[in-house]
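The structure appears below as structure tokens.
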């Protein structure tokens, strides 16, 4: 039995290492990712929505190809360079921000500058200059100027891009992205844990070597427990949410027996394991504060999409290879329509907010209560209303949550006591984070005085703990246990509608990121372009039939405002 666990762990570790070395790719990876002839993309060209923000900013491959197109034209290249500089200014540390801002002004706005930006009105340039004269200029000095450039790029340059070979290449990748996904897309590895409807296994994309976690929802178990709405809700929320602080959904597919969610793999284990299994229970305050800051960012991203999570607990907070955390398991999450409140008695005993226990209506207040519980537990080494290893039944736990006040040991600093007590306020109307300023108020608490949230959100801060890359932070295979066979449930054609809604293949942004991070995007583009002259590339471009643009299209063409965030893509080197 120990041999079985050893072999499973060895295979998983080898697979994890393969992604960075490119050895995880199938020998047939070029065949698996073969780009179609441009002529096959005509229907896609006509049907795809010409939305500048989506095609040239939000979609990673689209962003890279649009930037490559801009780099061929000096005036557009200057625009991209300015956007990058403005984005870098926003995440520059406060002590260096003014000096860096002045260098941007000197480079792009002075009359004798070689890279001036005539698109920006003089009054905005003057306003930037005035702001930069202050000893501590605003973080948003260049925001309005960037907005002007975004709008400029979304108009004629965007039209020219759509006539270029770069846009053709984008369509080829979009065609590839829309191919069906099956179990044969992946290699399967050991079981990592259990979910409500089935196992969670490690898996690897054959074409790229990228590792993921595959959450399998058994079809018969879903039907028996009437979990169709819950499963589809989790899938749809994950599909629309793109946050570095919440696990990402990359693929959905189905097998004969299961529906599968392919998610970010978090090799560092969960917070519960780290709180209780590595030394004495609990963390030093610095480590707890870092995780709390990332959780605050994750909750802010969820609330921006009107989503309440409702199940914050250590088991659901996972660490990645570098020690950053992500919120996982969105089975109880719910999207709340604007201006409405919801009622629902869901969550985990000991972490449910008083308003949930009392069947009251709420919006996002339960999640700020949950954050208070987590900060307390990370520091104290036990939850706020239950001592370490104490057994308490549901009724007693709910009584404590509603009536008792948590106690603080000497492990809590004054700031730690303050934020916990403010988040664990029984009355949600008085709880930190539950007023109009929401997450901003939580971020401004003194406990986060050493956290630069702009840099944290840009992934520029180092975590206080880095997991061992040679360790497997999960239970042994035999300790995880197996699900019993579901009996007395038959699947029929009526279930197929639900399966079709669920199993929709690749999710755009994570899939495109995978292609870039794996090096496949770079390698395939170089392979496809090998030996082609610029004239030949132009001929490939012009062979596509383009729809005629009528008067109304020209009159009402979309001029969406782009929200480009500077991101430096690092690609693996060739071996």
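One is the number of the first residue shown, and numbering goes on along the chain from there.
Using the three backbone atoms N, Cα and C, a Cβ is placed for every residue, glycine included.
Keep in mind it's a predicted model, so treat the numbers as computed, not measured.
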- Per Swiss-Prot, member of 183, 210, 215 binding ATP alongside 192, 193, 194, 195, 196, 197, 198, 199, 200: 215
- Note on the structure: Feature phosphoserine (Swiss-Prot), candidate list 103, 328, 418, 484, assigned to 484
- Message: If I restrict to non-local contacts, at least six residues apart, and a C-beta distance under 8 angstroms, what lies near residue 311 (active site, proton acceptor) in its own chain?
- Response: 329, 331, 332, 333, 346, 347, 348, 351, 370
- Query: So for residue 200 (ATP binding site), how many other CB atoms are inside 10 Å of its CB?
  - Reply: 21
- Note on the structure: Among 192, 193, 194, 195, 196, 197, 198, 199, 200, 215, which the record lists as binding ATP, the farthest-apart pair of C-alpha atoms sits at a distance in angstrom of 14
- Query: With DSSP, how much of the domain 'AGC-kinase C-terminal' (449-514) is helix, how much strand and how much coil, in residues?
  - Reply: 26 helix, 2 strand, 38 coil
- Count the residues of the domain 'RGS' (51-171) that DSSP assigns to helix (H, G, I), to strand (E, B) and to coil, and report the three numbers in that order. 86 helix, 0 strand, 35 coil
- Task: Check the domain 'Protein kinase' (186-448) for me and report the mean pLDDT.
- Result: 95
- Among 196, 198, which are binding-site residues, the residue with the most C-beta atoms within 10 angstroms of its C-beta: 198
- Query: Other residues with Cβ within 8 Å of the Cβ centroid of 192, 193, 194, 195, 196, 197, 198, 199, 200, 215 at the ATP site?
  - Reply: 216
